[in-house]
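So that you can see what the record holds, here are the features copied from TrEMBL:
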{"type": "ACT_SITE", "residues": "Glu257", "note": "active site, nucleophile"}
{"type": "BINDING", "residues": "Phe75, Ala76, Val77, Tyr80, Asp165, Val166, Asp167", "note": "UDP-N-acetyl-alpha-D-galactosamine binding site"}
{"type": "BINDING", "residues": "Asp165, Asp167", "note": "Mn(2+) binding site"}
Amino acid sequence: MENARLLLGGGYHYPHFPYEEREGLSAHGPPAARPTQLLTLTPWLAPIVSEGTFNPELLQHIYQPLNLTTGVTVFAVGKYTHFVQSFLESAEEFFMRGYRVHYYIFTDDPAAIPPVPLGPHRLLSTIPIQGHSHWEEISTRRMETISQHIAKRAHREVDYLFCLDVDMVFRNPWGPETLGDLVAAIHPGYYAVPRQQFPYERRRVSAAFVADSEGDFYYGGAVFGGQVARVYEFTRSCHMAILADKANGIMAAWQEESHLNRHFISNKPSKVLSPEYLWDDRKPQPPSLKLIRFSTLDKDISCLRS
């Protein structure tokens, strides 16, 4: 435990519910005059990573000699190719600086991928995929595509793999503090609300069904990752669940994100990223978040998906 305390930066505590303890409220019930705090551990004792919970210099000393390669998958289909340049430029500035990185861009228009300069030991592979007329189909096929790519290629090329949305930008350093067996990120829209308000799939006929008594956090589908073998198992499992729903003629409430949340309820992530690592530019930054590392751009969703 002492090593865990050192890696997390010390001072961790057992969590209460909900994820964020709001101003003027105590998890134990009576009012309390104390600033909003973010949790540092999950109920199953996995670290929740945020600014101040880790020692960057210590992590650099541990991970740099390992010569690890971190892969990144993004899907740039249709009009989403417009986001590739800002994604890559910000990643080159902030994502795993000083480490080996391999970007995998899945696209239906390889010619639209801009030639962004990359630093040493950083590679980019453009992987052609079939376009689809409906964005829901693109979303539900992502887990299948990632699992197949890992099996065919990525398992030989990377040690860790993060699967990210392309319509986002890095705003502050994202480093080895995020590495783990299986990593999830708390959704920025639901980190400070009770579990009853989480948009889980509630239809029992769906493979993504979550009962009212289940769930710890609501995770975003825009960020997940971990050791490449674990990401393969995760994406394949989600793909199988999506196929089961399709056979029953239904689609989960939030497509792959619903299945992602169902999986993480049954198979707990070994590390959880705070909303620092998955924010939304349309939301004001709360005092509880000291900085934003990765954020969704404000955009016209209906136009992009048309």
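We number each residue from 1, going along the chain as drawn.
Placed from the backbone N, Cα and C atoms, the Cβ positions cover glycine too.
Those TrEMBL annotations? Automatic predictions, nothing curated.
Features as recorded by TrEMBL, highlighted on the structure.
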| residue | record | DSSP class |
| --- | --- | --- |
| Phe75 | UDP-N-acetyl-alpha-D-galactosamine binding site | strand |
| Tyr80 | UDP-N-acetyl-alpha-D-galactosamine binding site | helix |
| Asp165 | UDP-N-acetyl-alpha-D-galactosamine binding site | coil |
| Glu257 | active site, nucleophile | helix |
Among Ala76, Val77, Val166 [binding-site residues], residue with fewest other Cβ within 10 Å: Val77
Rounded Cα-Cα span from the residue listed as 'active site, nucleophile' to Val166 (UDP-N-acetyl-alpha-D-galactosamine binding site), Å: 16
Tyr80 (UDP-N-acetyl-alpha-D-galactosamine binding site) CB neighbourhood, other CB atoms within 10 A: 23
Asp165 (UDP-N-acetyl-alpha-D-galactosamine binding site) and Glu257 (active site, nucleophile), distance between Cα atoms, whole Å: 12
Among Asp165, Asp167, Glu257, the one of these recorded positions whose Cβ has the fewest neighbouring Cβ atoms within 10 Å: Asp165
Residues Phe75, Ala76, Val77, Tyr80, Asp165, Val166, Asp167 binding UDP-N-acetyl-alpha-D-galactosamine per the record - widest CA separation, whole Å: 11
